[in-house]
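Trainee: Here's a structure for you.
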Amino acid sequence: MDFDKKGGKGELEEGRRMSKTGTNRSNHGVRNSGTSSGVLMVGPNFRVGKKIGCGNFGELRLGKNLYTNEYVAIKLEPIKSRAPQLHLEYRFYKQLSTTEGVPQVYYFGPCGKYNAMVLELLGPSLEDLFDLCDRTFTLKTVLMIAIQLITRMEYVHTKSLIYRDVKPENFLVGRPGSKRQHSIHIIDFGLAKEYIDPETKKHIPYREHKSLTGTARYMSINTHLGKEQSRRDDLEALGHMFMYFLRGSLPWQGLKADTLKERYQKIGDTKRATPIEVLCESFPEEMATYLRYVRRLDFFEKPDYDYLRKLFTDLFDRSGYVFDYEYDWAGKPLPTPIGTVHPDVPSQPPHRDKAQLHTKNQALNSTNGELNTDDPTAGHSNAPIAAPAEVEVADETKCCCFFKRRKRKSLQRHK
């Protein structure tokens, strides 16, 4: 999220203005929180359960659709937020969520002192899976991720949006056991922005002296330099994330400074001073070719997504890999908000091209049966929701995942 609060007023004001442009809520009936039984509800049928994530603008709760018995994710934002953005994010999801790889959005409406957005519940994030795999992915896994995410980002861009929040925490696999459990999904459009003006239908103008928006570890060099972001910056940030997965860390992690501003300056300086050849040393040349291409793009230029995809699909085929969705975490127990799941390795994997088609997202399998005492949304669901204290983010990432991460004392994360 926008971590430079002292210098990020422009972005926050922009978010306020944009959020006011869309006032239509979901067609579902609106229902305030609380019922005669004291259970916290969103709309007519979504029961609010335990907290499973948090962010700078609110928190994430596990929920349940009482009509279908399906679990959902419920994102909450205080109505009196100084920089409301949830309705804007809801609008972006409505623009996007008719394709594979974007979670379905089910509802937007009030929940007591909060606005609530109800989303499809997904599985672990790539960061969680990275931990599960001892913080290194094989080339095969990175290429399967990269091929899908280039397609995801291309789709976002075709909807006149730039994403501006690339990081492993924002890319999730489907919920284990669902039809899309092996697809990589993109979530959290709180920092997304329209790069095509809806009035003029023209590309936004090039600007400088912009506040930093995104995650410092992965953001593009031009973002560090205060330049307005465009399509090229999303793709460069993806390239940095791909190298993070292959290397296990990036050269600009772990830098120390007296202030956050100085730290982000050091990250940007180190990023610029690290030659692409050094960053990608000992890895296939295609990784360096990708980064060279996206860094040379003009601000207004439309990237050649097919070229970038072909770079990786050709490398994938030459390496003798099969696109069988057997990632490095295949067969490992996956933690979810409703318990650990032991996924099955796909016996009849879909063809690679299916991950790139913009087909309608399928609903998750319902959790059949009556509600019981083991239901994570049943207990303490009438507990008050405490808005997280507004604190300055002290590192490049924030907590924003679909389940709580286990703390590891032996490892310093997000340096």
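Think of each number as a place in line: the chain as shown, counted from 1.
Backbone N, Cα and C define each Cβ position, glycine as well.
Copied straight from Swiss-Prot:
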ACT_SITE  D165  active site, proton acceptor
BINDING   I52, G53, C54, G55, N56, F57, G58, E59, L60, K75  ATP binding site
COMPBIAS  1-17  compositional bias 'Basic and acidic residues'
COMPBIAS  20-37  compositional bias 'Polar residues'
DOMAIN    46-316  domain 'Protein kinase'
REGION    1-37  region 'Disordered'
REGION    369-415  region 'Phospho-regulated basic and hydrophobic (PRBH) motif'
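In terms of burial and nearby residues, how do these features look in this structure?
Mentor: Here the Cβ of D165 (active site, proton acceptor) has 25 other Cβ atoms within 10 Å, regardless of which shown protein chain they belong to.
In the three-state DSSP scheme, L60 (ATP binding site) is classed as strand.
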Trainee: Roughly how many Å lie between the Cα atoms of L60 (ATP binding site) and D165 (active site, proton acceptor), rounded to a whole value?
Mentor: 18
Trainee: Please work out which residue of C54, G58 has the most C-beta neighbours within 10 angstroms of its C-beta, and give that one of the binding-site residues.
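Mentor: Highest number of other Cβ atoms within 10 Å: G58.
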Trainee: Given D165 (active site, proton acceptor) and C54 (ATP binding site), what distance in Å do their CA atoms have, once rounded to a whole number?
Mentor: 16
Trainee: Which one of these binding-site residues has the most other Cβ atoms within 10 Å of its own Cβ: I52, L60?
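Mentor: Of the binding-site residues I52, L60, the highest Cβ count within 10 Å belongs to L60.
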